[in-house]
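A.B. asks: Quick one: the structure is below, questions incoming.
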Amino acid sequence: MEKSTVSLRGRNVLGLEDFSPEEIHLVLETAKEMKNIIHRDIKKVPTLRGKSIVTLFYEPSTRTRTSFELAGKYLGADVVNITSGTSSIVKGESLRDTLYTVEAMGVDAIVMRHKAEGAAEYASRIVSPVILNAGDGAHAHPSQGLLNLFTIQEHKGKLAGLKVAILGDVLHSRVARSDIYGMRKMGMEVHIAGPKTLLPRYLYEESGIFVHERIEDAIKDADVIEVLRIQLERMKGGLFPTTREYARIFGLNEARLALAKDDVLILHPGPMNKGWEISPFVAYGKNSAIQEEVQNGVAIRMALFTLVLTGGKQE
Amino acid sequence: MKVLLKGGRVMNPAVDFDETADVLIENGKVAKIAKDIPTDDADVYDVTGKLVTPGLIDLHVHFREPGQEAKEDFESGSKAAVAGGFTTVATMPNTNPVVDSAALVRSLKKRAEDVARCHVEIIGAVTKGQQGKELAELGDMVQAGAVAFSDDGHFDPTAKVLLNAYDYLHAFDKVIINHEEETSLVEEGVMNEGHRSAMLGMKGRPTVAEDIAVARDVLLAEYAGARVHVAHMSSARAVDIVRQAKKRGVRVTAEVTPQHLTMTDDCVNLYDSSTKINPPLRTQADCDALLAGLKDGTIDAIVTDHSPHAQEEKDREYMFAPSGFPGLETSLGVMLTDLYHAGKLDLKTLISKMTWEPAKVFKLDAGTLNVGSAADITVIDLDNEWVVDAKNFYTKGSHSPFIGRKFKGKAVMTFVDGKMMMRDGKVE
């Protein structure tokens, strides 16, 4: 790893708006080393031996929770999962009291997912363990934003100057917000596109973000395209007419892909609705890094744990 | 029983009086205002250098009785009122049960008599249970003493119901106060829709929700010849709609809170729900338009929308926290510090909008220092510097975006019917 004066030790990971470009760089560099560990036959290092991590998930999740859990375990930490269906949360315990309970058991880090924007930051002001935000409403999903950057850098060898198109439901997407903050900090050009009902009305004010209502305009000459997940309840809420029409007008298919650069990289935070926002051809095609993102997610989370719990040093 | 307030700057906006004078209180009434009144047998208070005004009036408070006494009750709420310099408040009916019957109006008036430190006026619901469907027994509530009507907290969903209420109340000459936010546009919203909400990912409540609601309700009032009072205005466009309506002679009045005049959605963060209010904090352009509206007479009254909640209700995820915060003990401090001392609003307008003009909206016999009127009097130290600390609150609510703010200007004495109810922040 490069010599760095930047340290993330003890830092809460709440959103990429709090990260400097140097800090993002440090996470990405650390994740490179971590990815090597995942490729080992024996995936266990003692970096976090004696550390305990709780994942506290108030919303369903497969990949993110498992990814954090495995990341902690590969590093030798003890990891316990709490989900809303199987805990005192169903008895109506407040978030504050649940956090106090977890803190009292002596954990070092809490990985939290919650439907309310700001829940992770609220938690960070109540209890002392490091808080890692695994998604808070439509606000932020910083580890996803970081793993997207990591994946892009692996493929492109750089970040600055690349043109990224983010397609779909930006309004409700915490991933999109973490992307926008992270990508802008790393000098990328961010274009968002989708039906106007799924785009925040005032996002254009942020410098360096280009907003399009026709996805073709965003895709043109893009180096990277990230397709966001469409949620069926948005259709029921009247934000677009049908998934059929969405696929025809706003879905990423082979024809539209041709507008981008030949070596365009395709990302999707998952889970995908194939045939709606992305065609199977694109999802599994030669440009897709969607499966690779999952592995990179583990590496990024290992990097985050290492940096916030040890400062990157073996103890 | 005589009280003499000596040597203060006496301001009585109702008759445009602003001079150094003594105020003699006798038998709970203002007996005389003149220079150098002989002290003889009165209790004398030297208020030299202080401002003596009619007792402040707040047309919009939530005292949470009946049913939500963990948030506030008539005793704690009225103590907060006199602590903040208020002598008359009007309570909103969105309680549990909703105040939608004469029996409830009477029982609250009795509660006020028993425990309240100031005058408490009761606002009844417009519709049964504030459901926006059937008219509540408005006439019956008028006869029981309800001072006005409101489904505050809710926007009446159908124009027809509101039109019926306007027409039915016409004979009783009572005003309807409308909470103006078109429901379908604000259902999930927790803050102003703007760049800030876009970047925080929080659901927005757009300004246009208020604008179309105000437009509808003002046009309906014009059509019906009814009196309507627009609650807690927050939008520049809404101010303009009311301004134009007043020019046409529509019987519309309006109110604004100190928070909507002085704070913007930049104050909203992810972890502190004290800034969560409905309608939400908007933009600087809205603040500026509200202040202009206050100055040119479009907006009649400054109100607090005092909305205390229990600690555990408010101290949680922003999304799940209820809206509102207590304002009675900070209102005057905000207004004096951020508007008067900041050179944005003259003192006479400020005091008038907190006394005489709100009294006119509800046709209350209050808000003046005219000889013979009830001796509801507030003494204000314009230069008193203090820091807002929830530990000093009389309200049960402890969340406020003004916690920690340093203010200049404070009520130091509050007299209700000639009786001193607060002195130097201590409530009797």
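Cβ atoms are placed via backbone N, Cα and C, with glycine included.
All TrEMBL annotations are machine predictions without curation.
Found this in TrEMBL, in case it helps:
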DOMAIN    A:11-154  domain 'Aspartate/ornithine carbamoyltransferase carbamoyl-P binding'
BINDING   A:Arg63, A:Thr64, A:Arg113, A:His141, A:Gln144, A:Gly270, A:Pro271  carbamoyl phosphate binding site
BINDING   A:Lys91, A:Arg174, A:Arg229  L-aspartate binding site
DOMAIN    A:161-307  domain 'Aspartate/ornithine carbamoyltransferase Asp/Orn-binding'
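Each of the listed features needs to be described in terms of its position in the shown structure.
C.D. replies: Here the domain 'Aspartate/ornithine carbamoyltransferase carbamoyl-P binding' (A:11-154) returns a mean pLDDT of 94 for the predicted model.
A:Arg113 (carbamoyl phosphate binding site) is surrounded by 26 other CB atoms, counting those within 10 A of its CB over all protein chains shown.
For A:Arg229 (L-aspartate binding site), applying a Cβ distance below 8 Å and a minimum sequence separation of six or more within one chain yields A:Gly168, A:Asp169, A:Ser173, A:His268, A:Pro269, A:Gly270, A:Pro271, A:Met272, A:Asn273, A:Glu277.
Each residue in the domain 'Aspartate/ornithine carbamoyltransferase Asp/Orn-binding' (A:161-307) gets a DSSP state, and the totals come to 62 helix, 25 strand, 60 coil.
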A.B. asks: Measure from the Cβ of A:Arg63 (carbamoyl phosphate binding site) and count the other Cβ atoms within 10 Å, all protein chains considered.
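C.D. replies: Other Cβ atoms found within 10 Å: 15.
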A.B. asks: Is it possible to list how many residues within the domain 'Aspartate/ornithine carbamoyltransferase carbamoyl-P binding' (A:11-154) are helical, extended or coil according to DSSP?
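C.D. replies: Going by DSSP assignments, the domain 'Aspartate/ornithine carbamoyltransferase carbamoyl-P binding' (A:11-154) contains 69 helix, 27 strand, 48 coil.
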A.B. asks: Using Cβ atoms and a cut-off of under 8 Å, determine which of the binding-site residues A:Thr64, A:His141, A:Arg174, A:Gly270 neighbour chain B, and list them by sequence position, or give 'none'.
C.D. replies: A:Arg174
A.B. asks: Here's one to test understanding: among the binding-site residues A:Arg63, A:Thr64, A:Arg113, A:His141, whose C-alpha is closest in space to the C-alpha of A:Arg174 (L-aspartate binding site)?
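C.D. replies: Ranked by Cα distance from A:Arg174 (L-aspartate binding site), first place goes to A:His141.
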A.B. asks: Cα of A:His141 (carbamoyl phosphate binding site) to Cα of A:Lys91 (L-aspartate binding site): how many Å, rounded?
C.D. replies: 27
A.B. asks: Around the carbamoyl phosphate site formed by A:Arg63, A:Thr64, A:Arg113, A:His141, A:Gln144, A:Gly270, A:Pro271, list the extra residues of the same chain whose Cβ is within 8 Å of the site's Cβ centroid.
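C.D. replies: Other same-chain residues near the carbamoyl phosphate site: A:Ser61, A:Thr62, A:Ser67, A:Ala134, A:Gly135, A:Val175, A:Pro269, A:Gly297.
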A.B. asks: Count the Cβ atoms, other than its own, that fall within 10 Å of the Cβ of A:Thr64 (carbamoyl phosphate binding site), considering every protein chain shown.
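C.D. replies: If we count other Cβ atoms within 10 Å of A:Thr64 (carbamoyl phosphate binding site), we arrive at 22.
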